[in-house]
Amino acid sequence: MASNYVFSVLRSLLLLIHTVFLGQHHVSSATIIKSLPGFEGPLPFELETGYIGVGEEEEVQLFYYFIKSERNPKEDPLLLWLSGGPGCSSISGLLFENGPLAMKLDVYNGTLPSLVSTTYSWTKASSMIFLDQPVGAGFSYSRTQLLNKPSDSGEAKRIHEFLQKWLGKHQEFSSNPFYVGGDSYSGMVVPATVQEISKGNYECCNPPINLQGYVLGNPLTDFVYDYNSRIPFAHGMALISDELFESLKKTCKGDYRNVHPRNTECLKFIEEFNKCTNSICQRRIIDPFCETETPNCYIYRFLLAAYWANDETVRKALQIKKETIGEWVRCHYGIPYNYDIKSSIPYHMNNSINGYRSLIYSGDHDFEVPFLGTQAWIRSLNYSVIDDWRPWMIKDQIAGYTRTYANKMTFATIRGGGHTIEFKPEEASIMFQRWIKGQPL
């Protein structure tokens with residue numbers, strides 16, 4: 001009995017020392033940013049940037065942007081936001097999606113592009129961490145040659161380690177409700193991260209992270225469901241004919257991804273499908289198709305962001321360490337990466353069993369990860385419905401449709417939305433604020 005008591009006391013002391021150590025030594029740097037090049041005047045919110053080292057020798061330096069809630073940071077939730085890719089910078093979220101800044105869409109004239117405030121930032125209702133991950137994305141870098149390339153499951157562990165160290169330094173947020181969010185390819189990483197945090201709360205880590213749930217937009221979840229939904233989606237959106245759709249169904253048997261080379265009929269009709277859809281904007285089918293970043297094209301803002309993020313005055317203001325990376329790119333698709341999660345459905349199941357809330361939303365004009373695939377894998381969970389399919393409204397207008405399930409999962413569409421939420425920022429912001437407050441959409 002006595003030895004057990006002594007062991008318990010020693011263990012508690014070690015955990016306390018470990019927590020203090022994390023808070024004092026494991027954050028590589030953190031700086032409050034009062035102003036940014038390209039933005040006129042002081043920033044109307046509190047921005048912090050910094051690096052946190054993860055790994056045995058803290059060889060991986062993850063860069064982050066932290067923005068306090070513009071409402072009540074002492075009590076509002078804390079949301080970690082992960083961009084997709086894998087390899088896309090968190091500037092995608094900060095400047096194009098749900099952050100408080102955006103690129104001013106002027107034609108580039110050789111001077112520094114301008115930034116403007118946004119009206120529908122999710123920081124109106126929560127504090128947010130925008131994280132550059134995996135290593136090589138955005139401004140994150142490695143101090144040494146990595147023995148193992150990043151992976152889906154490995155990123156979940158690194159993100160968990162990042163959060164432990166970040167909260168060790170920002171203990172005033174340790175009791176705030178915590179959520180993980182993301183879109184696109186992060187549909188593979190976010191559910192695994194939630195499970196990793198949950199596991200850590202039970203097994204190893206003190207203090208526990210106050211994890212409440214997660215939010216995902218147009219998430220890649222299961223290659224079979226998501227890829228095979230593209231052809232039914234194209235038919236429903238009048239991108240292909242009835243005859244071609246029926247021929248595809250008959251010859252491919254519903255599997256358009258793993259077609260046997262000898263199934264020449266199926267391959268022939270898939271080629272016809274591609275001819276019909278190759279010049280469609282994948283991100284939102286009603287937008288112009290653009291092969292280059294021209295001023296009249298939506299992706300022109302990506303070019304402006306590259307000019308902005310590669311400017312030396314911007315890097316100095318953000319406290320980017322010199323000579324850690326070369327040219328900043330919005331999405332570094334060439335990162336060596338191990339795609340070791342083929343389906344995140346089991347993670348969704350485990351997270352629901354553990355009682356975590358989830359909001360899964362889809363822009364209904366996204367061709368990259370169509371809402372049909374998302375609906376299909378959600379149905380495969382066999383959750384009972386507690387609030388059946390209905391429109392959700394903003395100012396007496398239909399903003400989308402929603403359904404709520406017994407396991408605290410809410411699915412919603414955003415009418416007219418695309419692959420990411422910047423196409424419908426007001427609708428997305430109102431949807432998020434209602435959900436995060438526990439209100440029905």
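Cβ atoms here come from the backbone N, Cα and C positions, even for glycine.
As recorded in Swiss-Prot, the features of this protein are as follows:
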SIGNAL    1-30  signal peptide
DISULFID  C88-C331  disulfide bond
CARBOHYD  N109  N-linked glycosylation site
ACT_SITE  S184  active site
DISULFID  C252-C266  disulfide bond
DISULFID  C290-C297  disulfide bond
CARBOHYD  N350  N-linked glycosylation site
ACT_SITE  D366  active site
CARBOHYD  N382  N-linked glycosylation site
ACT_SITE  H419  active site
Length of the line joining the Cα atoms of C297 (disulfide bond) and H419 (active site), in Å: 16
Collapsed DSSP category at N350 (N-linked glycosylation site): helix
Neighbouring C-beta atoms (10 Å sphere around the C-beta of N382 (N-linked glycosylation site)): 9
Spatial neighbours of H419 (active site) among the recorded positions S184, C252, C290, C331, N350, D366 [C-alpha, 10 Å]: S184, D366
Of C252, C266, C297 (the disulfide-bonded residues), the residue whose Cβ has the fewest other Cβ atoms within 10 Å: C297
Spatial neighbours of D366 (active site) that are distant in sequence (at least 6 apart) but have CB under 8 A: N218, Q282, R283, R284, I285, G417, G418, H419
Integer Cα-Cα distance in angstrom, N109 (N-linked glycosylation site) to C290 (disulfide bond): 21
Among C290, C331, the one of these disulfide-bonded residues whose Cβ has the fewest neighbouring Cβ atoms within 10 Å: C290
Cβ-based isolation winner (fewest other Cβ atoms within 10 Å) among the recorded positions N109, S184, N350: N109
Listed in sequence order, residues with CB under 8 A of C88 (disulfide bond) and six or more positions away: A137, G138, S184, Y185, R330, C331, H332
Cα distance (Å, whole number) from C290 (disulfide bond) to C266 (disulfide bond): 29
